[in-house]
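According to TrEMBL, the protein carries these features:
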- 20-47: transmembrane segment (TRANSMEM)
- 68-92: transmembrane segment (TRANSMEM)
- 160-180: transmembrane segment (TRANSMEM)
- 216-238: transmembrane segment (TRANSMEM)
- 244-273: transmembrane segment (TRANSMEM)
- 280-296: transmembrane segment (TRANSMEM)
- 316-347: transmembrane segment (TRANSMEM)
- 361-416: region 'Disordered' (REGION)
- 374-391: compositional bias 'Low complexity' (COMPBIAS)
- 406-416: compositional bias 'Basic and acidic residues' (COMPBIAS)
Amino acid sequence: MSDTPTGDQTLRTDRLFRWAPWGLLAAFLAMVYLTSGILLPFIFGLAVGYMLDPLADRLEAAGIHRGVAAFAIIAVFFLGGLGLLVALWPLLQSQLIGLVSELPQALSKLRPMLDDALADLSMRLDIDLEAGTQGFVSTLVERGLNQATQIAGSLVTQGVALFSLASLLLISPVVAFYMLRDYDRIGRQLDRLVPIRYRATVEDQWREIDWALSGFVRGQITVSTAMAVLYAAGWSLVGLNYALVLGLLAGILALVPFVGMVAAAGIAMLVALGQYGADPLALFLVFLVYVVVQVADSTFLTPRIMGDRVGLHPVWVLFAVFAGGEVAGFVGVLAAVPAAAVIGVLVRFTVDQFTDLQEAEAAGPATGRRSDRPSAGPTAAAPAAAQSDPSQTDPAPDEPGTAGARDTDGAWRAKP
C-alpha cells in the first residue's frame, strides 16, 4: 500500500494546520485566566528574558558561552535593579504613604469646587442646575472617597502580593535565565514539530509575531522608563509633592495604552489640587509637565523606538485592554496588547488563506484544473508548483523575485 497521502487526507491536514494556532491560543488564554493570580512573576521573567535576548545573541556571537552570557546578563539586571530599589526605598516608602493618605483629602476638595462651578453656570444661564445635579455630585464625590479609601487600604497589601520580594528575587530571575539561555533552543525544537511542507509558512508567521512582540515588549518598556524619568524630573521642578512616586506610577501606567495616560494625568492633578488648592498657575504648571512629556512621547520616543511595530488599530488596543482587565485583572491588562498583537497576526494569516483559497477555486474552471487542497501559504506553494512541472528547478536563493530556496532537509526557507 502506498504511503502517499490522498487528496482527502491532505485536505484534512491543511484544515488542521489552519485551525491549530487558534486552538493553541485558546488553550493559552484559558490557562492565563485560570492561573492569573500567580502569573505575574512568570510573565515578568519571560518579558525580561525576551527583552534581553538580542544582548545575549551578541555576546554569544563574540564567543561567550550562551549559558554564561545569560547568567551574567540576568545577574547584572536583577542585582542592579535591587540595588536601585534599596537606595530609593526610604524615599519611595515615605512618598507612597503620603500619596495614599492625601488622595481622599484631594477628592473631598472637589465637591465645593464643583458646587461653585455649578452655581456660576446657573447664574450665567439663568437655569437652576444645582437642584438637579446636587445629588449627582454628592454621590459622585462619595463614591470617589470610598474608592480612594479602599485603594489606600489595599494598595500596600496588594502591592506586596503582586510584587513581593520572594517573587521578584526568586521566581522571576530563574524564569528569565532559562528563557534567555534556551530561547533559540526552544525555537529549534518547536520548528522540528512542524511538518516540512508547512515549516516555511510557520516561520514566516512567527517572524511577524516576533516583530510585533519585540516592538511592544522591548520598545514599550524603554518608552515607559524614559517617561517615568521625565515625569519625575518635571514634577520635581514645579514643586509637586510625591514627584518620584508619581513619575514611577506614570511610567508603569504608560504600559497600558490610552487608559494609563488618562489615569496618570488624573492622579497628578488630584495631588496638585490637594497641595495647591484652586491655584490656577500651580495647576497649569503641573498639567504643562504632563503635556510636554506626552508631546515628547508622541513625536520622538514612540516613533523612534517603537514605530508601528504592533500594527493594531487604537480601538482594538483599547478593547483589548478592557477585555484583559475584565478576564484576568492586572495581569490581563499587562498582557492585553501582546495577546492582541498575536491574534492580529493570526487573523491576517487566516484571512489571507481563505482569500487565496477562494481565488484558486474561482480560477480552477478557467484553467481546467482545480487543486484538491488549499494552499499552505505563499511560501509553501512554490515547491508544489516546482514538483508539478519537472522542467522547473528550485530558484537560487539570491534570484530576484523569489521567496527563498530549498534547504538540504527539503524544507522551503523564505528569504529573510
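Just so it is clear, glycine is given a Cβ too, placed from its N, Cα and C backbone atoms.
Heads up, TrEMBL stuff is auto-annotated, nobody curated it.
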Stretch contact, the transmembrane segment (216-238) with the transmembrane segment (244-273), Cβ-Cβ under 8 Å, 3+ pairs: yes
Contact check, the transmembrane segment (20-47) vs the transmembrane segment (244-273), 3+ Cβ pairs under 8 Å, seq sep 6+: no
The transmembrane segment (280-296) in contact with the transmembrane segment (244-273), cutoff 8 A, at least 3 CB pairs, sep 6+: yes
Cβ-Cβ under 8 Å with the transmembrane segment (244-273): same-chain residues at least 6 beyond its ends: 88, 91-92, 95-96, 99, 102-103, 106-107, 109-110, 220-221, 223-225, 227-233, 235-236, 282-283, 286-287, 290, 294, 297, 314, 317-318, 321-322, 333-334, 337
